[in-house]
Each structure stands twice: as C-alpha cells, then as structure tokens.
Amino acid sequence: MLRFRKVAPSLKNGGNLKLFSTSSTLKKIASSQPLRAKQVSTSESVKYPVIDHTYDAIVVGAGGAGLRATFGLAEAGFNTACITKLFPTRSHTVAAQGGINAALGNMTKDDWRWHFYDTVKGSDWLGDQDAIHYMTKEAPKAVLELEHFGVPFSRTKEGKIYQRAFGGQSLEYGKGGQAYRCAAVADRTGHSILHTLYGQSLKHNTNFFIEYFAMDLIMEGGECRGVIAMNLEDGSIHRFRAHKTILATGGYGRAYFSCTSAHTCTGDGNAMVSRAGLPLQDLEFVQFHPTGIYGAGCLITEGCRGEGGYLLNSKGERFMERYAPTAKDLASRDVVSRAMTVEIREGRGVGPEKDHCYLQLSHLPAEILKERLPGISETAAIFAGVDVTKEPIPVLPTVHYNMGGIPTRFTGEVLTIDENGKDKIVPGLYAAGEAACVSVHGGNRLGANSLLDIVVFGRACALHIKDTLEPNTPHKPLAADAGLDSLKFLDQIRTSQGPKHTSEIRLDMQKTMQRDVSVFRMEETLQEGVKNIARVDGTYKDIGIRDRGLIWNTDLVEALELRNLLTCAVQTANAALNRKESRGAHAREDYPERDDKNWIKHTLTWQHKTGDPVTLKYRAVTRTTMDENEVKPVPPFKRVY
C-alpha cells in the first residue's frame, strides 16, 4: 500500500518549504532545484518522499505564455510558483523565428481591425471572434510592452520597430494589398522574447521549480486545487496546492514522425486535462508548415518568403502563382502546404525521388540574408548542406503547430460543457499558449500570431487572476490522499517489465499519425488511422522500463511523455474522422468543400485514460465580437488568397 508522508526539510533552512521565496536572484539562477527531499523510512515496499507546497498561483510550463503569466502574477503580489520540466530558456518558444504580428503601422498604414479580419479569415471561420477581437486589439500594446521589457527588435532607418510581410496578412480588409505587420528580431524573435521574459521573471519574486515533471492535476469536486509533480533530480514527489493553476505546456508535435517541434513538445498539459475528465478541443486541426528542411524537419521561417523568397518545382516554376494568384507564396500556411503536396503528387517534386520542393533565396542580396535571415543561412548550411546565396533549400510540409488544445475563454479560464451542452468554467484552472484553444486560430493559424497568442493570453491569465483573487487568501485543506492515483501509476510504470521499449511504441505512433492523419485525409485512411492508433494505444500496457532508479530517470520520463502523446494522438485521429468537411488545415479529399451549415462548431473529445474509447461532442463557435461598435463580425465567405 502507498501512503503520503510529509517530509520535513533540513533544519538549516529553518523548516521553510518555500526556500526560493527568500533566495537571492543569484541563487535562483544558480539552482535548478529549490528543495532537497530525504526519503522517509516506511514499511511500504515502495518509498516516495512527498513534499507539500502552498502558493496563491502556480504555472506549469516556462515558455513564453508561462513566463508572461508567471511574472504578471508575481508583479501583482501573488506568491507564485513556476514548475517546468526543463530550464526555461530551453522551452520551445526559443525556436520561433519569424516574428510577432501587431498593427503598429511602421511600414505602411495599418489597423488592428484589418488584423482581426485576416485572423478570422485565416481561421476559416472556426476561430471565436470575441477572442480574436481581444487578441488583435491588444497586439500593439503587447509588442510595445515587449520592447519596454528589453526585446531588441530589428529597426527601420527611422528607428522604428521593423515589420516584415507574412502569409495571410492584408490591408483594408483584404482589398489593399500585402500588409507588413510582423515585428521581428531578425530571424530569432522567439529566442529574444523568451530570454527577455525569463529576465523579467527573475526580476520579480518568482519561485522556480526547474526540472520538475508535472504528472497530474489535483481535482476536488470539479475544482482544480493544484498539481502533483516529480522532481527529476531525486525522484521526490511534490504536491503544489494553489487557488489558481495555469497550464502553459505547449503543443504535441512529437506525435508525428516529421515535425518542427522540440522533443519536449509532448502535450503534457493536454493529457493532464484529459485524465481529469475534461475535454480537449479541435485536435483535428494540425498545421503543416510549408517549409521544413527535407529529411531533417527543421523549420525554415515564413519570413524567408516575407523577405522575397519563393517556392519552385522541378520545372523551375513558381507554382504558387497557380494556387494563390494574389498572395502567391504568402498565402496562408494550409494553402501553401496543400499546393506543395499536390505538386509532389503530380510528379513535379524535386530531388532523386521527386518528393520535395525548393525554396529559392539566392536572388536576394547577401546583405539582406545576413541582416534579416542570419539563422536561416546557418540552419540551411548545417542541416541541408546548402549555401543559400548560391543554392535553393530543399523543403517539405512538416507538422508545426496544434490549433486545438484545452478549451478556454479569452480570459484564460478553462471550459467544459454541462449536461445541457452549455459552456461551464472549470474553477481554479487556466491555460495559455499552444496548450490552449482560445480559439483565436480556429482551423488554421496565421504565421506570427503564435508569439502574439502566448504574450497576450499569458498576460490575460494574470490579469483575470488579479481581478478575482486577493494575494495570501487562506487555503482549504487538501485531502490526505490527493494525487494518490498518480503515485500508484508512477510506481506501476517505473517497475513495468513489458516486452516493448518506449521508443518502439513511440515510433509506431509517429509513423501511424504521419501516414494516416496527414496533409490530405480521406474516410478510408482516417478509419485506418483510428484503428491503428487505437492498436498503438493498446500496446502501452506492454511497456518495459529498464531503469528502476529515481534519479534522472530519462527512461521513465519518456514513458510518461509517451502516455501524454498517445492521449493527444488518439483524440486527434477520432476528431479528424468525424469532421466531414474541409476547413483550414483539415483537408478531406472526399469532402473537399467547407460545410458552414453543419460544421461551424468546435469538436470536443474526452479520453479519461490510455486505452479508453474516445467520446465526441460539439460546442458552438462564437461568431460575435466583444463590442460591435469597435469591430463588426466577419461573416463566412469563400476563402481565397
């Protein structure tokens, strides 16, 4: 039998479990681990030291959304903890290259209402227009705030923030030509934003728990009371009690074989929500970025095309002129990815196997490449062996972003539905960033709206908590056995002796998703996909962990991450099979048209634990804005670029 024991910290620390709250900034940076737990000698056969922590608010994840929420809360006087499974500046936000959208009007006249229009159109009318209204209106303020925090934006000759062209962006509600709306730090925008936000978090009284793996939410009576996490350094278990919990854990790109995501993008927050009996939303909408390096999957930013690069087929033809006569290579990502796939299918691909396309940059002046795309020149040389001043880059559509995730309001509050199908807020639980589905991206995200999303909605979570909670509000006691199921599962999986290795099951899952739930989808392949991913999901019980230790057990962590990926993958395949239309990134060859009469609605999916069947329901898309006196809703029309 497993029982929780509170473990007393060393008396040298004065018995204070929240050591980081009194640590100097230097110690916060130097230490990745604020607590040292000692194993309790008990009669149980399995011994896990368990430590309880109490905070006003906790944030899981230290990417852009998590850090913006964290220091927003700390700045407002809340005792705040940030739990992250890796060092904050290794979070995947660091990989965002192109920029962040905001209607600053530094290059041409611009208006946030035009940005609103482009985002609704880009979402293929699956985006909630109240949330899009909020995001696009807040965008200029968010970017100027980042500038004040210290983000070193590239500059025009006049000293203004430099803005480049990006796909799907227009002026005057689509009638005024290409917009230059994407504020950039060369081609390393995410890197700069992440480091700046981390610096701001250290500046405020933030308590970091670095290299702690969040396993599950602690739920009581439908309310989120915190999370249970494992310290990867020593295997100790930590229960974090808080009035408010924010999940900012990123996407689940690693469910696919070829993706631009870091190996840490495993849908942890999504799966935690699913295991808590709550729904995930719109998982069928998986964005394929048009330009991942062929064979490596590394991202080549859309900024390349924004600076004047273009795609070529084997005939040397700029084929996007046929698919998007106006926007050409700067059409939305789903349009470009499908066009590339069609070119390859019809035999106009390049290379010995005619299975990819070329991105041409060599016509651009060398000084432009050096100043505005320095990282791309380096990436292409390392991963494709290409000198971009002389040769094209071999590229292929690659899984890049999850439009779906944890359903939330624009305040960050997590939603479910009641027995009558009406929206219901989950008390104490918030989500932001790629883990969340607000939904501002709907069926397809516009490039450079993701960095905007994380900053705006990370901040929105902090603002809503500030408005609804007083710092140092007393806590209700936590049930003595809270999190016990998580600990039982951890013990079960750590000691599992099945015949299958984590990597074997993971590869099976990735190949299945890449083959059956890809750029183009059909009933037959999706049925196969649902059947195959259910089979893979069923093999998880056969997993075997070779390392029985608790200290830096990467085998165990990968097994836990695989469970999370499977939860996301199974629901993605089921949601895709059930949506009988083509919308945004969900392209059905057997249902090639968008069906606004039946399918302007969000998919909700439930799967309580690995191996369980998936339940599907639907909820309405918000088709009104926050204030029609500010901006009118955009009614659906045929989406062309």
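Cβ coordinates come from backbone N, Cα and C, glycine included.
Lifted from Swiss-Prot, the feature list:
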ACT_SITE  R333  active site, proton acceptor
BINDING   61-66, 84-99, D268, E434, 450-451  FAD binding site
BINDING   H289, T301, H400, R445  substrate binding site
MOD_RES   H92  tele-8alpha-FAD histidine
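Overlay of Swiss-Prot annotations on the structure.
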{"residue": "G61", "record": "FAD binding site", "Cβ neighbours (10 Å)": "33"}
{"residue": "A65", "record": "FAD binding site", "Cβ neighbours (10 Å)": "36"}
{"residue": "L86", "record": "FAD binding site", "Cβ neighbours (10 Å)": "20"}
{"residue": "R90", "record": "FAD binding site", "Cβ neighbours (10 Å)": "16"}
{"residue": "V94", "record": "FAD binding site", "Cβ neighbours (10 Å)": "18"}
{"residue": "G98", "record": "FAD binding site", "Cβ neighbours (10 Å)": "27"}
{"residue": "T301", "record": "substrate binding site", "Cβ neighbours (10 Å)": "28"}
{"residue": "R333", "record": "active site, proton acceptor", "Cβ neighbours (10 Å)": "25"}
{"residue": "H400", "record": "substrate binding site", "Cβ neighbours (10 Å)": "27"}
{"residue": "R445", "record": "substrate binding site", "Cβ neighbours (10 Å)": "28"}
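Taking a C-beta cut-off of under 8 angstroms and a sequence separation of 6 or more, the residue listed as 'tele-8alpha-FAD histidine' has the following same-chain neighbours: G63, G250, G251, S261, A262, T264, C265.
Nearest by CA distance to L86 (FAD binding site), out of the binding-site residues H289, H400, R445, is H400. In terms of Cα spacing, the recorded positions G61, A65, R90, V94, R333 that come within 10 Å of R445 (substrate binding site) are R333. The separation of H400 (substrate binding site) from R90 (FAD binding site), Cα to Cα, is 18 Å. With the fewest other C-beta atoms within 10 Å around its C-beta, H289 stands out among the binding-site residues H289, S450. DSSP assigns H400 (substrate binding site) to a strand in the three-state reduction. Spatially, by CA atoms, the recorded positions T301, R333, H400 include one closest to G61 (FAD binding site), and that is H400. G98 (FAD binding site) falls within neither a helix nor a strand when secondary structure is assigned with DSSP, and so counts as coil.
Cα of V94 (FAD binding site) to Cα of the residue listed as 'active site, proton acceptor': a distance of 21 Å. Cα to Cα, H289 (substrate binding site) and R333 (active site, proton acceptor) are separated by 6 Å. Note: the Cα of T301 (substrate binding site) and the Cα of the residue listed as 'active site, proton acceptor' are spaced 11 Å from each other. H400 (substrate binding site) and A65 (FAD binding site) are 18 Å apart (CA-CA, integer value). Other than H289, T301, H400, R445, the residues of this chain whose Cβ falls within 8 Å of the Cβ centroid of the substrate site are, in sequence order, T260, Q287, P290, L299, E302, R333, Y401, G447, S450. DSSP assigns G61 (FAD binding site) to coil in the three-state reduction, placing it in neither a helix nor a strand.
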